[in-house]
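These come from TrEMBL:
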{"type": "ACT_SITE", "residues": "B:Tyr124", "note": "active site, O-(5'-phospho-DNA)-tyrosine intermediate"}
{"type": "DOMAIN", "residues": "B:96-160", "note": "domain 'Spo11/DNA topoisomerase VI subunit A N-terminal'"}
{"type": "DOMAIN", "residues": "B:212-377", "note": "domain 'Topoisomerase 6 subunit A/Spo11 TOPRIM'"}
Amino acid sequence: IFVADCAFLGFENTLQRDMEGKISSSEDTNLLQRIKEFTRLVIEDLAEGRSPKISINRFRNYCMNPEADCICSSDNPKGQEILTLKREPQTYRIDMLLRVLLIVQKLLQENRHASKRDIYYMHPSAFKAQSVVDRAIGDICILFHCSRYNLNVAFPVPVLVEEVEDIVSLAEYILVVEKETVFQRLANDMFCKLNRCIVITGRGYPDVSTRRFLRLLIEKLQLPVHCLVDCDPYGFEILATYRFGSMQMAYDIESLRAPDMKWLGAFPSDSEIYDVPKQCLLPLTEEDKKRTEALLLRCYLKREMPQWRYQQTSTSFCIYISYNSTKTSLDENNFGRLRLELETMLERGVKFEIEALSVHSLSFLSEVYIPSKICLEVTSP
Amino acid sequence: MEEPSGLSSMKFFSDQHLSYADILLPHEARARIEVSVLNLLRILNSPDPAIFDLSLINRKRSNSCINQGVLTDVSYIFLSTSFTKSSLTNAKTAKAFVRVWKVMEICFQILLQEKRVTQRELFYKLLCDSPDYFSSQIEVNRTVQDVVALLRCSRYSLGIMASSRGLVAGRLFLQEPGKEAVDCSTCGSSGFAITGDLNLLDNTIMRSDARYIIIVEKHAIFHRLVEDRLFNHIPCVFITAKGYPDIATRFFVHRMSTTFPDLPILALVDWNPAGLAILCTFKFGSIGMGLEAYRYACNVKWIGLRGDDLNLIPEESLVPLKPKDSQIAKSLLSSKILQDNYRDELSLMVQTGKRAEIEALYCHGYDYLGKYIGTKIVQGRYI
């Protein structure tokens, strides 16, 4: 994977080795030049006795606007802030931005990586709190139109995406699972050998590196992506993070989300179809209900919903989807029904985990549930 | 029940029976379950039927002892032969009594199918089959430990999946049977994941030219050290369990210590009670998993972060102890196993009410960590 002199990810780059044999891409050099340029402009302003004006765009990927006629679905900025030295809080923000930028420059020059935490600890007396560092990093990313990992402020796990030359795979699809325990179950059942696929877990809320890696796989391999989460508010939030991106990283939506991701399950309606025993349906707590209601308020769940019906025969589980209105991509991936399913869950007042599906048979998940759901995706209109 | 440790070591523990858990193959574990059931049936069928009490090795601190290594440097916690009785006739323990049998039943089925199950899956199965007896994951976990204590076999032998959070990187070659050797110095900055399969770990061949084994508490620090390829400057192997160590990672460290007995094992943890607790788990084992603990204890030494390093970090990086930290400190201080110099460090934490993370050293630059470790090793400043 670590190869010199190659073209990758659409960048035409030549790689240079520095004295210690470390590789730095010219994409980094580009960023370094831009950092220098930015600093030069700031110094010019100061030398001529005027305050620099630093314009930072604002981003969000959803809002709670009840009319749902918002512009959140576009990736464009929603307004901007202009920082100057004329106001004290803005001065502070500029100061922090420059301090972090200095550290980032060093990281890029030496081709090393650090976490946000590490950066805080380099000057705890100046930064005073982790949140200050986090905001400065966000500001820098927006200012330079780049992602956090471009600044080397993220540990490349499992691999440094920029240095990947090529990926080869025989897989037919990618399966993203919420929990590590489900991942273990699939590994134990040799799922990947019997079904040609790649299984990934973010172990709960996926971090930036995992989401970036998933995006790389999607771009390189052009495979369908299915997502398997628990049927509870936590699971749905994770699903939304993979699919729509997170608010925190709203400025970086492009490289972190999986727009064609399909929701495999578990649906609240699955508890009936697959015969989950009543004892395994856990009651929703007050916290759960609040989270679900908040999720339902998000504008991206309010897009136009088609009418759909499903039928179930006793011998096979088949779902017929009929559309009375225009198909949107949300529906094809089952996200059109997310709203309905969430409301169903609230109504019933119960939630369940993936493991509850396996009470009758340990291999149910690998042998029946997942393959039948994936087959449906292929055959549904 | 407790003897002064000095006297015990003179007797070489000939009078104390060491309770331990075996690692069994599926058919052996099934056999033990069958024996328990047959015993129960035999007694019920006898002319004088009675339901005997289950004698489970007592997993309380009062039954834990320390074996202070006389000929070796390794000390470990083990559970002695004091039993706690779980009785069907006693209202308090009746349900616990039944729970043990229910878990054994399911484990038997799993073993027959030659499969493995996660503890969460076990919980749902039990919730479904016996809702009156099981209501929470914690109850299931405790009952599993009861079965371990009754049958004297490891949790893994019962068919319960063991996951591992451990990572290893550095000057080490690992060869699983029938596969090519993996070079842990070329695994990228994430290192090589340690498998949860204890049988596989047992049969893995290890080769190394390292001079030290360094256990790192946190993932982020592990990343830093591996990315900087510190193992090329200081010939060593880095291992992390990303926090509180799981059985597989401890097993791995233990195997390394027996394969390379001359390599000192050093631990790099945060200066707080939780960090020391993690170090102690590697070093002595834990009481909750007492029957398996002794197998994986190693002579781990504390290299950092320590009290005498506090002059290296800025004032702001010393933050107050959390309530949980104080609890852990109290618990550790009351343990008889803790050596004096560790006790002093803990007391300093409690007195000042402060703690510090390893990252605090980054104020000198992020490559300072390597120099710090190197200096300490060269000066032999580990306890």
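Backbone N, Cα and C define each Cβ position, glycine as well.
Around the Cβ of B:Tyr124 (active site, O-(5'-phospho-DNA)-tyrosine intermediate), the number of neighbouring Cβ atoms within 10 Å comes to 26. The DSSP breakdown of the domain 'Spo11/DNA topoisomerase VI subunit A N-terminal' (B:96-160), given as helix, strand and coil counts, is 46 helix, 3 strand, 16 coil.
Across all of the domain 'Spo11/DNA topoisomerase VI subunit A N-terminal' (B:96-160), the predicted model scores a mean pLDDT of 88.
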